[in-house]
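Shown next, in structure tokens, is the structure this report addresses.
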Amino acid sequence: MLTLDDIRGLPKVLLHDHLDGGLRPGTVLDLAAECGHQLPDGPDGKPIGDASTLGEWFRDAADSGSLVRYLETFAHTVAVTQTTGALTRVARECVEDLAADGVVYAEVRYAPEQHLEQGLTLHEVVAAVQEGFDAGVAAVSAAGGLIVVRQLLTAMRHQARSQEIAELAVAWRDRGVAGFDIAGAEAGNPPTRHLDAFEYLQRENAHFTIHAGEAFGLPSIWEALQWCGADRLGHGVRIVDDITVDESGEARLGRLAAYVRDTRVPLEMCPTSNVQTGAAASIAEHPLGELTKLRFRVTVNTDNRLMGGTTLSEEFFALVLAFGYDLDDLRWFTVNAMKSAFLPFDERLALINDVIKPAYRR
Ligand SMILES: O=c1[nH]cnc2c1ncn2[C@H]1C[C@H](O)[C@@H](CO)O1
Ligand SMILES: [Zn+2]
């Protein structure tokens, strides 16, 4: 059986990771002290002052069984990332942490509109994050490693700035931004609220993914694909609601599930996050198992490393324990993810043929 160390040593691809969900607990402490943000109280009734207690606090608070309460924990990470210095630091550390975990390609997302509280402009936010990513990539490469990182710009689905953020993503497409996304509380905020932004992106030949089918069911997936034209689905777990398995174990796909499988729509699945928000009862009962058996285009992701207390290697290890996956399965997930990246075709192919496949052969 694969060990966690084996998995750490394999090249991995991460398509769904939130920058503001991946801060190091120690960095949250530093930045909170710098900007005077008050962190939550610990067990002793005083604001938490040490990194490991703070890491536990995030994990426990996010372990809420509800997406809305899960999202409340971001108030702290967003509050401490309102300056270019903080954004650049967090972005650089993100790249270093992913590379240390064996990630060779990552698309990291965040919502620029949430970082304007102290006067930054949207462009300044994107520039600060890109500066951090560039510094992280340079540090990894100076140490003999390899990682390619791109930004995805998220618009918050309950706000009304998606068109502006879509235009921002297009303006930065040749400078480190690979695509667009919408996130936030799903119920009551269907993707069609942002149809103008998606239609604009389609006219611009730009890429986008949509958080859909996480806390809300099939209609949200259907809108994301058939009204909005999403290239990928963030989570997409509820697609199982359109699949029935009879007594003999034979699966029957409804029309939407068949469409998702037939057209190879990438599913950005995030096991730990789904258990925390109640979208799945446990890792062992996660629909990823069934969807993988049915050969949907499943990819494995972290969502929020801080809130989940997780890494991509740990997500894979949990799946190895739950479903008995082996090296061939992990290579399949990894190639699936690389094929689904918002990177030009030749660059995807180069990473698959020159980096991923040789390492799995060894
Ligand atoms: O899993 C998620 N579903 C919906 N929204 C999410 C999820 N994880 C993070 N977010 C939100 C909270 C962040 O502040 C925002 C941008 O990264 O995206
Ligand atoms: Zn997410």
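Each Cβ is built from the backbone N, Cα and C atoms, and glycine gets one as well.
Remember, predicted model here, so these are calculated numbers, not experimental data.
Going by what TrEMBL states, the Zn(2+) site holds His16, His18, Asp303, and the candidate of His115, His123, His207, His211 recorded there is His211.
By the rule that a residue counts when its Cβ sits under 6 Å from some atom of ligand 2, the recorded positions Asp20, Gly184, Glu214, His235, Asp303 yield Asp303. Long-range neighbours of His18 (Zn(2+) binding site) (same chain, six or more residues apart, CB within less than 8 Å of its CB): Val108, Arg109, Tyr110, Thr154, Ala183, Asp303, Asn304.
Residue pair Glu214 (active site, proton donor) / Gly184 (substrate binding site) shows a Cα separation of 11 Å. Taken in sequence order, the binding-site residues His16, Gly184, His211, Asp303 that lie near ligand 1, meaning a CB under 6 Å from one of its atoms, are Gly184, His211, Asp303. Same-chain residues with CB within 8 A of the center of the His16, His18, His211, Asp303 CB atoms, the Zn(2+) site residues themselves not counted, are Asp17, Gly21, Arg109, Asp181, Ala183, Gly234, His235, Glu268, Cys270, Ser273, Asn301, Asn304. The least crowded of the recorded positions Glu214, Asp303, judged by other CB atoms within 10 A of its own CB, is Glu214.
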